[in-house]
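Pulled from Swiss-Prot:
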BINDING   Cys71, Cys73, Cys86, Cys89  Zn(2+) 1 binding site
BINDING   Asp462, Asp464, Asp466  Mg(2+) binding site
BINDING   Cys820, Cys893, Cys900, Cys903  Zn(2+) 2 binding site
Amino acid sequence: MNQEVMNLFNQQAQPQSFDQIKISISSPEKILSWSYGEIKKPETINYRTFKPERDGLFCARIFGPIKDYECLCGKYKRMKYKGVICEKCGVEVTLARVRRDRMGHIELAAPVAHIWFLKSLPSRIGLLLDMALKDLERILYFESYVVIEPGLTPLKERQLLSEEEYLRAQEEYGEDSFTAMIGAEAIRRILQDLNLEKIAADLRQEIATTTSDLKPKKLLKRLKIIEAFQMSGNRPEWMILTVVPVIPPDLRPLVPLDGGRFATSDLNDLYRRVINRNNRLKRLIELRAPDIIIRNEKRMLQEAVDALFDNGRRGRVITGANKRPLKSLADMLKGKQGRFRQNLLGKRVDYSGRSVIVVGPELKLHQCGLPKKMALELFKPFIYARLDAKGFSATVKQAKKLVEKEKPEVWDILDEVIREHPVMLNRAPTLHRLGIQAFEPKLIEGKAIQLHPLVCAAFNADFDGDQMAVHVPLSLEAQLEARVLMMSTNNILHPANGAPIIVPSQDIVLGLYYLSIVADGAPGEYKPNNPQNPMQGVYGDFGELEHALASRAVTLHSRIKWRWKGLGPDGEEISRTYDTTPGRVILSSVLPRHPKVPFDVVNKLMTKKEISAMIDIVYRHCGQKESVIFCDRIMGLGFSHAFKAGISFGKDDMVVPENKWSIVDETRALVKDYEQQYQDGLITQGEKYNKVVDAWAKCSDRLASEMMNRISSVQKDENGADKQVNSIYMMSHSGARGSPAQMKQLAAMRGLMAKPSGEIIESPIISNFKEGLDVLEYFNSTHGARKGLADTALKTANSGYLTRRLVDVAQDAVIREVDCGTENGIRMRAIIDAGQVVATLATRILGRATAEDLVAPDGTIIVPKGQMIEERHLEAISKAGIQEVKIRSVLVCATKNGVCATCYGRDLARGTPVNQGEAVGVIAAQSIGEPGTQLTMRTFHIGGAAQIADSSFIESSFEGTVRIRNRGLARNSDGDLVAIGRNVAVVIVGPDGTERAVHRLQYGARVRVDEGDQIKRGQRIAEWDPYTRPILTEVDGIVAYEDLIDGQSITETTDESTGIAKRVVIDWRGSARTADLRPAIAIHDQTGKVQKLPRGSDARALLPVDAIIGVDPGARVKAGDILARVSTESAKTRDITGGLPRVAELFEARRPKDAAIIAEKSGTISFGRDYKNKRRLTLTPHDGSEPVEYLIPKGKHIHLQDGDVVEIGDFIVDGNPAPHDILAIKGVEELAAYLVNEIQEVYRLQGVSINDKHIEVIVRQMLQKVEITDSGDSEILTGDQIDRTELQEINEQLIAEGKKPVQGVPVLLGITKASLQTRSFISAASFQETTRVLTEAAVNGKVDTLEGLKENVIVGSLIPAGTGAMIADIKSIARRRDDLIMAQKAAESGAALPELPAAE
């Protein structure tokens, strides 16, 4: 008896643990095996009794009882009848919960096609039968017959016949001589009769023998789907339904509202339509109705089932009573509101609350202020338990009463409960992992949450009404994780770049800056050999100094001598004397004592950068605990001194430069001059525009620097002592608030503005905000401001979507092992842009592992292979003058299903080597996505003031000797050296003979140095006109025009505003008559023959469309003179608006609009015959392989001449290179370098720092697939794309069997495509295109092994990262232990337990 009672309670089956999920097409038998009964009536529930109708959609006999352990008619009630089936109403007595998982079915009177397999592209049924979707639809929707068995008639198998043709054929050949059918029965019959083995063999044969290029692709597609059916055990005819499953009624509820109305799920409507039409069809068949009526009913049934599965995919959307489209089964899964994203990936959480945040400056870094009311509500169960344990209450009810009355003992207990129990604070939008952090709650009065000021940067929070949510970690494990991993004190460094993120900002910075200012002539300052008081301003003791400050004998800013006591390198006490100020001494008093933290750290002007560096030093040397205490202390110091200083500013603090109007007048004169040049026809409209904009930009910059000089200089009073520093300058210079750009607008001139289209308006705003704008200026400035606000709204969404795609593609990149042992690596060097070092080598290699020994020139090993490059190595590396380092990278990591710790390097958020199980992919995605949102939200800060970012010269950043590589220079008529070669480079060689910098020269640049010159830092190397691309002559001679026919290929345009003529090449391809002209300028010698260039081809320059010709026929020219010029587009404002789409474009690996054409081999260029309106260019490779042909649209400017030699990877036509071409031509390393640099460029422009390794992680995920070039001895087909790891596994097996391995080339996929092609179909389906992903997965019978993070979140298990990764290891150890115990039991030998094998 006892056992039975126990069984009663244990009957609820435990959820099965599983480690993979398979999806396939269900057969009619399978559907019937799930079903508990057939639904025959469309009725739902009786509107009077509210009881379900029998055999209806809510039938209790089929789906189970409505109340627990009670049958419908009430004959059997209570638990003792469990399992009894009532003979009166047929209901089983059990839990009502079974109505959530018992299914029903509808037997269809006629088969119908499953719309997903029919209409989800590519149509699976269509591919399988090799029929067009249009034809299939005509058969299915009863418009055409299809011949199934032609017999002896001349009809073909699968030929479509219209109604008339069918009748005619029957008359002609007799009714029984052939079989033709219509509707889904026909398709089902064809699918049933398919012989998959034979078709597959035929297709393989055809692929092997076909010669055309396009055919194999089509055949491959079909072969793939046929193989999928063979492998997965699905039968083709299952794509046609004969039975429709009905989902459990509690998943499509029907709830009575008051007033006799019902709220119902749309599915019930859709099911009712199916049942109604099905029943009507059954009746019509029984009544032997005319064929046409039955056919119509079958078509309607097909449409009803289509609407049930995927409403709106075919034909009109079916709407409900309120004209709203009904939500079908497919819609339940799809999109943001679908099952995947709404319920499985994002759930609402209990034990949470939200409130407004206010600042809590007296909190410690690990604390937050929690309102008592909130805490009482959130910790209720803990309080009840503690009240019970202490004997204050015997039952939960009593405890509840106590808490509701807020008795004093409740507050005491709340204090106990909350002690050491961290809570998590989250601020939406959570853009990176620092958007959720754990704090220890501190109970406060009031209703607002208090937040520590230093964590605001991580949350991106401010106190203008932001709200935050509080979550309580309940279990011990959760509390442990919150404390160890998420505590705010454990998140001092930014995961994106490793810099401290707990940095003081705003008031604190201002206070510290004020504290560290030095003022000359302040009272009590130390004067050397001061006869009156030689000891004035000399202090050795902190108390003495405080006393002097309090008695006003000395100010915070006076210069004093101070004896500092600290620790020497071995930890011994030392003392030194410093020239400093009392303010800096106060600041030094909070520094931790450590040999590596000397007084020099604070003995300087404390700007935000310096403070950040100081925190960094303290963190690296003194550890986390010291840094946290230190941060809290400097915060207090900063606040108190900002408060004491009382810094404020007034109108007069904005100093307008005195010479403002003289500079403006100068510029106006210059602009007038350009106007005149334009009137005289010396420059074009576009060039004038560019020059005017340039002039105003320069004027604006000059004014800004004048103003900065005025504001930053400290005035002296009559005694020669410093007056107060300008407040605005203090705020801006310290980094507390405001930027030079904003100060410029306040006090210099507002500057150039952009139109909404992004072009710059020629007339700038000359006034500043202090003087005030006039009406016209104000109007011009509204554009930029409005555009900024509109952009903000749009780009937040874009940036969020980019982050979502990044997370999706990288979610399964997890650290799986310590070292994969690969020998490969990538080479890193400093990035130099226009002669400026943009990213130093040190910043790029810090915290990465070396791929080979890093050896100094004298042979000493600085860093051995496989070791991490730390801060202490950097000095040695720069001393050794090393320019290039080979480091390990995730791009070359050989770990399967993840990456290894050595290839990844340092965990930036902790400053230590990365741990196993760290989800580096998600961190990378957040690090790249988070600033995207930040930046887009901040576009309007510059107020649209145009910033011209176009350099037109190179300056040397080093001293040294000039060497010129690939010398192609000539002296032109003006006596300037001009670069006439395409790859001329100026190399700066240091005194030790190492190359310090290499500058590639723009074609047509005027070179200011020559071979062997000594060059100083900052000296000009070359300059060029940024607005035009010149076409030069390479030899001296006489100009001759070729094919430049007036009105056909050249036109003299007279500028309407100037009356000046200029010759422009026009598009000559318009008419057939002129299509084969080749407009060019040739250089003749004295005899009138075309001269030869040194490499043997003719001296002839082909002209592109819109080239402006600058020489007359017959004119004498010297090498390096300009023959014609092509105007480049006007300078656009570079703003991250261009940036975010650019980042997305690079990650999506889209081909740019005007993609560059890259040379695939090194070789010689020759021009072939023109083809229609394209130029034919042939590259003959040096290695003797087949020549490569390129067809280039005629208007494009090709800067190569006949006979030019190009290197592999050189640009034949300029433009943005397509990433796929870089991968194919130069390989993975070059591609990665290109993507990393291009993406970094966008972020750098905005001053955002992201570590390269994050971008590398994403690029690795984009390169997961391989295209098969040679299938070796395997079953794989050439041209197929498979996973890299799959290829490795297949090859290992083939090599083991001594067969020929498969060859493949890496393929670059955009992030969206890569996410949709992950091995896990659950992850792909929850991302985008759910229908397509699931259809494909079902056809292939895919198995999801649940390896990534997303799949595991969806099925509700622990994610295989972080602590979850360890759980998996522990489980596998436990399993092995179980096996051993079982084996031992079986043996029953009584031997000792064998040694446990180590975890893999």
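Cβ coordinates come from backbone N, Cα and C, glycine included.
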Cys820 (Zn(2+) 2 binding site) versus Cys73 (Zn(2+) 1 binding site) - Cα distance in angstrom: 68
Cys903 (Zn(2+) 2 binding site) and Cys89 (Zn(2+) 1 binding site), Cα-Cα, nearest whole angstrom: 68
Alpha-carbon spacing, Cys893 (Zn(2+) 2 binding site) to Asp464 (Mg(2+) binding site), which is rounded to whole Å: 46
Zn(2+) 1 site shell beyond Cys71, Cys73, Cys86, Cys89, criterion: Cβ within 8 Å of Cβ centroid: Leu72, Gly74, Lys75, Tyr76, Glu87, Lys88, Gly90, Val91
Minimum Cα separation from Cys86 (Zn(2+) 1 binding site), reported as the residue among binding-site residues Asp462, Asp464, Asp466, Cys900, Cys903 that achieves it: Asp466
Cys86 (Zn(2+) 1 binding site) in three-state DSSP notation: coil
Shell list (Zn(2+) 2; ref centroid = CB of Cys820, Cys893, Cys900, Cys903; cutoff 8 A): Glu817, Asp819, Thr822, Arg888, Val890, Val892, Ala894, Thr895, Val899, Ala901, Thr902, Tyr904
Shell of the Mg(2+) site beyond Asp462, Asp464, Asp466, same chain only (C-beta within 8 angstroms of their C-beta centre): Ile357, Ala461, Phe463, Gly465
Asp462 (Mg(2+) binding site) and Cys903 (Zn(2+) 2 binding site), distance between Cα atoms, whole Å: 38
Asp466 (Mg(2+) binding site) and Cys900 (Zn(2+) 2 binding site), Cα-Cα, nearest whole angstrom: 40
Alpha-carbon spacing, Asp466 (Mg(2+) binding site) to Cys820 (Zn(2+) 2 binding site), which is rounded to whole Å: 46
Cys820 (Zn(2+) 2 binding site) and Asp462 (Mg(2+) binding site), distance between Cα atoms, whole Å: 44
Asp464 (Mg(2+) binding site) versus Cys71 (Zn(2+) 1 binding site) - Cα distance in angstrom: 59
Cys820 (Zn(2+) 2 binding site): tally of other CB atoms within 10 A of its CB: 20
Candidate with the highest Cβ count within 10 Å, taken from the binding-site residues Cys86, Cys89: Cys86
Assigned element (helix, strand, coil) containing Cys903 (Zn(2+) 2 binding site), judged by DSSP: helix
